[in-house]
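Written below as structure tokens is the structure these notes are about.
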């Protein structure tokens, strides 16, 4: 093959091909087919440019070599064949003088008449396959693509072939001659089979046989074969077409596609009104734990036993009093409910054997708090369908609430590290395949970054509470069962620790359907004074129940201990998802993994170790009014986990709607940033759809606030 190349091609082309292979560290003695391919490509580029000039009137003309008029301007600038540095210098110079957009990859030519870069392709395979590979690689509508094959086929962007037919015929004839010469020497088959694609998934992918027949049969009317359809799709100009089609569909539809520019989007309007309130099923950053280390008491692991043991660690109990009343509730009933819990725990301790579960006495205060006998009586529809004024009961629109900074503080706290370990490394067994080894390594690195995270504590707390509540709802449907809110962890030194956050009293729970509600009263310990942010605690009645001694830099200080009490409700389906909160770990691990994969594909090796161990590198975490926030890879892991956990804790229809609708606006903005010139119709309708989800949910309002920060910085 090497001898053939040296005989068949101009010595200047051979020399340029040798230099190109040397520059890329390839041996032409071994890569002989590549040597031939580079020479062929160079020759086609030169032939494309040959004899084409621009006259004084700016028209493209063809001048044969013997013509003496040498003062004409060449129509094409040849970029292919130059060393990389020189080639980029030429490209930059062209961009500066013509205003053309700088391409991501080095093109082959620049056409001064059409003012565009050209990528020339020469393929031994089907032209449309190679064309798609080129288009996928370049990803730019500004660079014109023109593909030739050794069989005389060609394909170009928008079926615009740039050159006159005679010039293209000269190139096709030369390629056919090269093929014949190779075939006569027995070199063609090896050369044809050696072609590699543009490193895409479609490499060496040919549609043949049944699939080809089905493809031709599946085309829209008016298209005889797949190539024609591909050429049509490739040359399709959407502007104006979509509007026309829409107006055909309905007389009411009148969509004008408007260009989406940097000045087009406005911030999302957040609602006005009183500040939003805390609506999670349990306290987050404000919770307080009563803990025991190295538990080894009798009945260890039985929740009620553990709870009593934790309660005994605190000695500062005092007569409870209401410090922040609930606006609408009967606050003395909340106070009496806590006193009842204390009294019944006292009674248990005096018994000879502590029971495994505790059902509370059905006192008037608990009946009120749990909504006993408060549900309207259900009547069979057949018995009342003849009543003339039968209607669904009136329900008020939810009151609009404004964004409040406490939810940002909650999120920041969820991303922080605690001094405890909340998840253990899974024992999955020995790795067998290399992919398993990589997966284990990633899981171990990720676990190390998030095992101490407060969001992980929320996961374990949520799993425990939902599991215990669902079990009790099924096992003791009629009882007001007392359920301790417990979590387990390890200290930094590895000692086991059991924590008590407070108690839940469950109401009647005849849950037939997934959405049937069980009411419960939660009573949770805290050191947070509710009077500092009363709007956050709108749904709570807060009691002061004791004084806690805390170690500080100045010695021991006494702080009041509070009990946050509220009536709440949940359903079977919500508890089922709450029990599966560990999925949040998996979701955030997968997001981190996609970042590692992106890095690995660039470097062409697995980058897991470098990704986690390069402490000097920072990564984008999110947007804030100050701009893009960056942090260590550990911080990224914890932030992604916290987002996933908050999506679970604050799950709601408002969040579903906001996520789905704001994603559309996000994709449009991303397209604008990628210079894809997006167009939109009814942008006002999209904003309406987003803003109707902003009612009163704190997590949705925070996400909307973040989105506005993103819009500000993305469109600068």
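If you go along the chain as it appears here, the first residue is 1 and each next one adds 1.
Note that Cβ sites are derived from N, Cα and C of the backbone, with glycine treated the same way.
Mn(2+) 1 binding, as stated in Swiss-Prot, involves 108, 119, 120; the candidate among 41, 52, 74, 128 given for that site is 41. There are 23 other Cβ atoms within 10 Å of the Cβ belonging to residue 108 (Mn(2+) 1 binding site). It is 10 Å from the Cα atom of residue 119 (Mn(2+) 1 binding site) to that of residue 80 (Mn(2+) 2 binding site).
For the Mn(2+) 1 site, the Cβ centre of 41, 108, 119, 120 serves as reference, and the other residues of the chain with Cβ at most 8 Å from it are 44, 45, 80, 107, 109, 118, 121, 122, 146. In terms of DSSP helix, strand and coil, the motif 'Nuclear localization signal 1 (NLS1)' (124-139) has 12 helix, 0 strand, 4 coil. Contacts of residue 80 (Mn(2+) 2 binding site) defined by a Cβ separation under 8 A and a same-chain sequence distance of 6+ are given as 41, 42, 45, 87, 106, 108, 109, 120, in order along the sequence.
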